[in-house]
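Note sheet for the following structure.
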Amino acid sequence: MNKSSPIGLFDSGVGGLTVLQALQNLMPNENYLYLGDTARLPYGTKSPKTVLHYAIQSASTLIERQIKLLIIACNTATAAALPLLQETFPFIPIIGVIEPSAQIACKTSLKGHVAVIATESTIQGKCYEETILRYRPEILVESKACPLFVPIVEEGWFSGPIVESIIIHYLSSLFFNRSIKDQPDCLVLGCTHYPLLSETIQKIIGNDITIVDSTVATAKLVQACIIQHNMVNPNTNLIGSTIFLTTDDKVRFARIGSLFLNTSIQEDKIEVVDLHMTNVQPNYLS
């Protein structure tokens, strides 16, 4: 295993770039390989079986390129595929994004009342609810699917009257049509696209509600994992490289992705790929 090998992560689109940004801020010397399956987004409206199939293809493509650790930077794919991917590829550490944010929510909520917003598939799978209750069985967890959030974020819409009206439409039943004492005091953003809406969401629900997302917590978990497995890039004084893979138009990926990362993504750093099953050798890290 080459310690300078990249950390790989995949998402249905550009939402996972929020995780990438947190990783780059925490570990700027590491190299990264990001895959956005933009041709088939959103995953949140697909069946768990379909998402699992997509996730295996994405993981296979990244592992074939000799990554040293894999992050499922998508809540929907984490819920549908994490255990099976860990079983299929036991020779590489694989980390999802649900566990870190569930842990933060349990530590944050003083009232013991947490709301989770996510894609339809994630909500139906009850993965957040089960994970939160595993840490704090007494917590009341309310869940709400917000299917329009991913499309508006993928269009680069993070604020404004249209975005606010969509947010109000979904969150009114959780925060507005009830007394303050019956409101959750913690809101989990159960999709890696949603942090781009967090400022607008906070404006609407008020500062008394704590918003939790998995990006920073996931980055810290990854850092601990590569230290534990002795995989830290020895080039500590250098800024690592980042390569992007997409399954659709790279011009659009560069435009929207640059908004997510707050820095320009050059098209020569983006490769269009066809996802496929690969015969990854389990001993390639040995």
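Any Cβ shown, glycine's included, is placed from N, Cα and C.
A quick note: this is a predicted structure, and the numbers were derived from the prediction, not measured.
Record features (TrEMBL):
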BINDING   Asp11, Ser12, Tyr43, Gly44, Asn75, Thr76, Thr192, His193  substrate binding site
ACT_SITE  Cys74  active site, proton donor/acceptor
ACT_SITE  Cys191  active site, proton donor/acceptor
Message: Taking 8 Å from the centroid of the Cβ atoms of Asp11, Ser12, Tyr43, Gly44, Asn75, Thr76, Thr192, His193 as the cut-off, which other residues in that chain fall inside it around the substrate site?
response: Gly13, Gly15, Gly16, Leu41, Pro42, Cys74, Ala77, Thr119, Thr122, Val150, Cys191
Distance from Cys74 (active site, proton donor/acceptor) back to Gly44 (substrate binding site), taken between C-alpha atoms, in Å: 10
Field: Cβ-Cβ neighbours of Cys191 (active site, proton donor/acceptor) (radius 10 Å)
entry: 31
Message: Between Thr76 (substrate binding site) and Cys191 (active site, proton donor/acceptor), how many Å separate their Cα atoms?
response: 7
Field: 10 Å Cα neighbourhood of Cys191 (active site, proton donor/acceptor): matching recorded positions from Tyr43, Cys74, Asn75
entry: Cys74, Asn75
Field: For Asp11 (substrate binding site): intrachain residues, at least 6 apart, with Cβ closer than 8 Å
entry: Leu17, Val19, Tyr34, Leu35, Gly36, Asp37, Ala73, Cys74, Ala77, Thr192
Task: Return the maximum Cα to Cα distance in Å (whole number) over the record's substrate-binding residues: Asp11, Ser12, Tyr43, Gly44, Asn75, Thr76, Thr192, His193.
output: 12
Query: Among Ser12, Asn75, all listed as binding-site residues, which has the most CB atoms within 10 Å of its CB?
result: Asn75
